[in-house]
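Note sheet for the following structure.
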Amino acid sequence: VENVRLLDRLSSRKAALGTLYLTATHVIFVENVSETRKETWVLHSQISSIEKQATTASGCPLLIRCKNFQVIQLVIPQERDCHDVYISLIRLTRPVKYEELYCFSFNPKLNKEEREQGWKLVDLNEEYNRMGIPNNYWQISDVNRDYGVCDSYPTEVYVPKSATAHIIVGSSKFRSRRRFPALSYYCKGNNAAICRSSQPLSGFSARCLEDEQMLQAIRKANPGSDFIYVVDTRPKLNAMANRAAGKGYENEDNYSNIKFQFIGIENIHVMRNSLQKMLEVCELKSPSMSDFLWGLENSGWLKHIKAIMDAGIFIAKAVAEEGVSVLVHCSDGWDRTAQVCSVASLLLDPYYRTMKGFMVLIEKDWVSFGHKFNHRYGNLDGDPKEISPVIDQFIECVWQLMEQFPCAFEFNERFLIHIQHHVYSCQFGNFLCNSQKERRELKIQERTYSLWSHLWKNRADYLNPLYRSDHSQTQGTLRPQMAPCNFLYKFWSGMYNRFEKGLQPRQSVTDYLMAVKEETQQLEEELEVLGERLANLQKLELNDNKVKSKQQDRSKQLGLSTSNNSLANTPQEYSSDLKSFPSRSPSQGDEEDSALILTQDNLKSSDPDLSANSDQESGVEDLSCRSPSGGGCLPSEDSGKDSDEAVFLAV
Amino acid sequence: MLRSGQPLTGPNRKHCREDEMLLGTVLDEGERGFIIDTRSAQAAKQARMTGGGTEPKSSYPQWRRLHRPLERGRPLQESFIKLVEACNDPSTSMDRWLSRLESCRWLSHVKAALSTACLAAQCVDREEASVLVHGAEGTDTTLLVTALAQVILDPSCRTLMGFQGLLEREWIEAGHPFHLRCARSAYSHARLKQEAPLFLLFLDCVWQLSRQFPFSLEFGERLLLTLFDNAYASAYGTFLCNSEKERRVGREESTHSLWAWLNQPGEKKKYLNPLYSPNALVIWPSVEPQSIQLWQGLFFRWIRSSQYLEEAWAETQRLAAGN
């Protein structure tokens, strides 16, 4: 469709005119401006809702909201065209079969072996070995090898040595969805462990010998403690209500040596609504500080993040400080349980704070344990009531921790944002379906590619320059404080306002420090080499001179200090009184600013080339695309270098 | 950019030929200027009853007046006290924290101050027009705006020396009554009439700029905290008294200058920003609520360990020094 306008949320003046394209996998908007022809690409799987708004004199507005929080406002001149686009998009964004998804057509031009290798990058068996299993207390069990016991669990589960197959099967019959207690994390240092399950089908008075034996087995697997904690991550009221439906929670009287604890985290529906409310605040036009703070509090979002974090802290403390094992569950053991176990693991074990370790953590507690990716993130068109930002919340917990402990994580914010992006993008096969069983049935590994190897290839973009493996922050357990004045939860504008460049700090400290770090490393290595050479050589004047001039050239080339000068930016509208500057001609400012924009060649970034195709997520490998992946580029939301984006001029 | 006190128009709409001529000399024939009045239109009008007022359009035809009300005086001090109380209250739950923060209004004041300073800067940089800033006395919100606008506009004000010069010029010499304004701070029950944290508000705004433009200021948070401390209680004479006139009585002979101490090579490096890279351009901050954050380094300074953040800063310094 031609002559479509793409509006800017913060500035109604800055509308770009161009052509809108719909393909099998993307919505693409190409600007008419002949030199740049800037493209905006949006994957259908990213689209969360499409809203057709009332036709105005200027055309038919169409609002597209994405799961990665991008909001695109289009104005289509003809009502008929707008309606057609709307209907098409509705269909395209509600795939019915898995085969319609992008990952099945995405082609990064890797051969079969490379694809396989990609999938092998994260190996859970290796991970449990790293933890120190199998050992005297824990072992692998193949009781679920054909998914016969629990179809949402993996084929390989880790259980206490004293838990026989009989006990496991018996226990699974007493657990919602058959999700029996299994090992999530084992602490070598003191034998304390984190296990996870779903709620017991205890109703008001039902008992199950095998389930009680299962919990005893977990306790016995930790000789250092004579009890275990059982943590129910639901609010007490909800858990009690479940009893009426024949489910519920563990009665301390029936299970010997357990200490039961409720940690009230709300359910998926509350979380869905919370996010919705927060996004509404983000869409406000020129909100006051009051509007924003009230809106944010009203949504309850940060309160929920804190609840998840506090649960993780409680469990980490139990394991690290008390040396007591913990069994965690919620209702079905695949949402809050996943969040809380993975936060706790992250706090306990520095390995999960490395890039590889983080991938392993997600593979373990989310992918293998049957978190319902399809239902929660809408791979396929399904029940809207199943949709909920569960993994988003976990990812935000990690970000909050990164803000408080800047040296503790090997990866940076961009890593988290890209992972979140790909949970919804369906460009890779990792987050498809609802269980390992479904993924194997669909032969995901033979037909799609792994996100992990893609991220790993580009890991230079995801490193945290402040991370040092020998730093005190990176050792051992992280111990965040719980009181609000001790751990301030911030609004994550890098995620929720990701695409509003006017809001982000213009200059990326992370990128700069990474570049410095690399340069310093290079120079140090060179210095070493040269030092050796000098020691070996006689005093040859000629060589010395050559060496000196090379070093000078290099520091000129890198020019890290001068590159920041090109970060011109434009003023936003500072007065709500639009008539402040009536004589201004709007175009003036734009030209001025574009003249000041220089592309930065020196700072390495995962951003694609800024000229054309800046937002490309191509099904075809684009060699000009700066992002070194084999074709999958990400929207250039974090290009602090592309500075003309900033909002608008005073009228 | 000019600053002044309010014109003493009074209830009888007095004129002053000399004042009109003075402002006239600033503008060329046909040129236009802006007056940013930091009081609301209503407050400015009411000021006439007590002898003050605004510039009448007829007498200053080339000047366009804009009202940008900024909080000052007692209400600003109350806002500060409330915020400090909220931060110190261990019983604040996450449920209520944001609304409590909002009810202090401190962040709204930061937003308003930054917006007004940006407006003044826009007049100069974008409109290429002269701008006159005044409130009532010209000693509080006026200085906040002009000083902040210069940090935004002028790269030399963002250097360590340049910033000190700015403080000398726009706050100290310009007559901000430090002795009255920075008396007892937030914990005191005394509630002095003349006390108000304008200078702290300025420092907070500068901190917001440093967060949004981490490479563009030659100094870091530590300098801002030191200035905050010294404005209230100092071993040095720099922030003494309320005006140049008061200070002239023996300050130089009897006291030491804060700047002299700060600029010693050994001290200086503590205040420098390792990421600094001179940025010749104007830095336009975002004043969206998401972009304005609570200055944790100041408001949580004694409440919460900043160990991890300090370690991160040390690491940053180490890396940047490697370059």
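All positions are counted from 1 along the displayed chain.
A Cβ is built for glycine as well, from the same backbone N, Cα and C atoms used for every other residue.
TrEMBL entries are annotated by machine, without manual review.
These figures come from a predicted structure and were not determined experimentally.
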From A:37-64, A:121-148, A:373-400, A:513-540, the residue range that TrEMBL assigns the feature coiled coil: A:513-540
Sequence-distant neighbours of A:Arg336 (substrate binding site) in its chain (C-beta under 8 A, six or more apart): A:Thr233, A:Arg234, A:Ile265, A:Ile308, A:Ala311, A:Cys330, A:Val390
Model confidence over the domain 'Myotubularin phosphatase' (A:118-496) (mean pLDDT, whole number): 94
Distance in Å spanning the most remote Cα pair of A:Asn267, A:Ile268, A:Cys330, A:Ser331, A:Asp332, A:Gly333, A:Trp334, A:Asp335, A:Arg336, given for substrate: 12
Residues close to substrate site centre defined by A:Asn267, A:Ile268, A:Cys330, A:Ser331, A:Asp332, A:Gly333, A:Trp334, A:Asp335, A:Arg336, Cβ within 8 Å: A:Ser198, A:Thr233, A:Arg234, A:Thr337
Cβ neighbours of A:Trp334 (substrate binding site) where a neighbour is any other Cβ within 10 Å: 25
Per DSSP, three-state class assigned to A:Arg336 (substrate binding site): helix
Most crowded position, judged by CB atoms within 10 A, among A:Asn267, A:Asp332 as binding-site residues: A:Asp332
For A:Cys330 (active site, phosphocysteine intermediate), the number of other Cβ atoms found within 10 Å of its own Cβ: 27
